[in-house]
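These features come from TrEMBL:
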BINDING   Lys99, Gln162, Gly194, Asp225, Lys368  UTP binding site
BINDING   His195  substrate binding site
Amino acid sequence: ISVLICIFILIILYCYNIFQNSLNKDFEGFRKLFHRFLQVKGPSVEWSKINRPPEDSIQPYDKIKAKGLPHYIADSLNKLVVVKLNGGLGTSMGCKGPKSLISVRNENTFLDLTVQQIEHLNKTYNADVPLVLMNSFNTDEDTKKILQKYTHHRVKIHTFNQSRYPRINKESLLPVAKDMAMTGENADVWYPPGHGDIYASFYNSGLLERLIAEGKEYIFVSNIDNLGATVDLYILNHLVSQPNGKRCEFIMEVTDKTRADVKGGTLIQYDGKLRLLEIAQVPKAHVDEFKSVTKFKIFNTNNLWISLSAIKRLQEQNAMDMEIIVNPKTLDGDLNVIQLETAVGAAIKCFDNALGINVPRSRFLPVKTTSDLLLVMSNLYSLEAGSLTMSERREFPTTPHVKLGSSFTKVQEYLTRFESIPDMLELDHLTVSGDVTFGKHVSLKGTVIIIANHGDRIDIPAGSMLENKIVSGNLRILDH
C-alpha cells in the first residue's frame, strides 16, 4: 500500500506541474480517476452475484407506446434537451476532422440531420428543444466554425467540452505529456476520457445549471453517428408522466441482441440495482457466456434519457460511480500507454428508479464503417425531416448484412467505386473484397458475394442485376 501511495503522490505532483496553467477541474477529474485506478484490483464484478434484471425493470416499447400521447405533449418537449456525443474524429473512415461532419445522405452530414430533426420537432409542436453538443478538444474548433450555418434554423445550439487527460506510460505509470502543448511531440499524448465524462464536464461548464434554470428537466443523450436515435415522444411522455415520488431518473434504451452485437454491454441486476455490464468487466472464463444470445438477450444502444436535477445532485454529492475502462494504446516509437475512460451508461446504478426500455432495432442505426454508410445511402431508407426510416417497399424489416473489403475503408475511395448506390431493397447479404467497382443502376438481391483476386479488377456493368450470385476474379457468375 505504501508503494501505491508513493506512486500516487509522485504522479499527482508531476501532473500538477503539467496542469498548473490549465483548468483545475481537469486536473481534479484526472486525479480522482487515477486514484481509483490505483485502488481497484481484480474484476469489478463477481460473476456469481450477477442476476437477470426483474421483469418490470425492462419494459417492452410497445407497452410504453400503448399509453398514447396527451394533447399537451409540447409541454413535455419544452422540458427536454437533446445532447449528442460529438467528441470523435472521422479517422477510422479515412476522414479528417469531426466525424459528425461526414456526409451520409444527400450531402447531409450527421450534424445536418440532427439539426433538421430537432427543427422539425420545434416547428411541428411550437416547442423549444435545444441541441447540446459535447465536443472534445479534437472536434471543438471545427464544429464551432460549422455551427454558423445553422444561425437561422429554429434550434438553439450549445456546446461544452469534454475533459482532456494525459495518456499514461504503461510501465512507469507516469503521464507521457511534458506540458500542455497539443502539437509536435505532444500531439498524441492527450485524450478525451470517454463519454462517461459527460456528467462532470456538463456540470463544470455551467450549462447544466443554466438549462435547469430555464425549466429543462431531462436530456436525451446519444452518439451523433447513431441515425436511429431520434426524439421518441412516447418515451418522453413516460418519463414526465411518472408521479413525483417515483420519477424515473434514468432510462436506457436496449434492443434485442443478434450475433453481430455479442460484444455490446447488457443490463443485469447486481447488488439490488440495475447495472450495465460491459465485456471488459467479464472474467475470461465467462466471456462466451456473456456473448450468448440466449442468456443475455439485449444490449445497450447508448440512447439514454437522464434527469438533469439528478445529475446535479449526484455531482454535488460526489456520488457518480462508473467502472474504469483501461484502454491500451501504442504510440509512435512503440511506446505502450494506457488511457483511463468511463462510459456514460455505467452510471445507471447511481440513479433512482432506473429503467430499461426494449426498443425496436430501428432506433439503433450506427454508422461506424463504409459498410454501414452504404446501407443508409441506399434506397433501403427514406429520409424525411432529418430522420431515416426503413422503406415501406422492403418486404421484411431486417437490415441486410453488408461487408465491404479494405479497398472501401476510406470514404473518398468508397465513393469512387460506386457510380450510383445500388438498389438494395431485396438484398440479404453482400460481401465485396478486392478491387471492385459498380456502374450505375445496379440491383443486388438475396446473397451476393463479389471477390476480386489480388491483381484482378471487377467492374460490375451499369444496369446489372445480381441475385444470389458469386462473382469471382475471372467474372464467372455462379448460382449461390
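Placement of Cβ uses the backbone N, Cα and C atoms for every residue, glycine included.
TrEMBL does not curate its annotations; it predicts them automatically.
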Legend entry - binding-site residues near the residue listed as 'substrate binding site' (Cα-Cα within 10 Å), from Lys99, Gln162, Asp225, Lys368: Gln162
Inset, instruction - Within 10 Å of the Cβ of Lys368 (UTP binding site), how many other Cβ atoms can you find? Include all protein chains, please. - result: 14
Legend entry - binding-site residues (Lys99, Gln162), the one with most neighbouring Cβ atoms at 10 Å: Gln162
Inset, instruction - State the count of C-beta atoms found within 10 angstroms of the C-beta of Gly194 (UTP binding site), not counting that atom itself. - result: 24
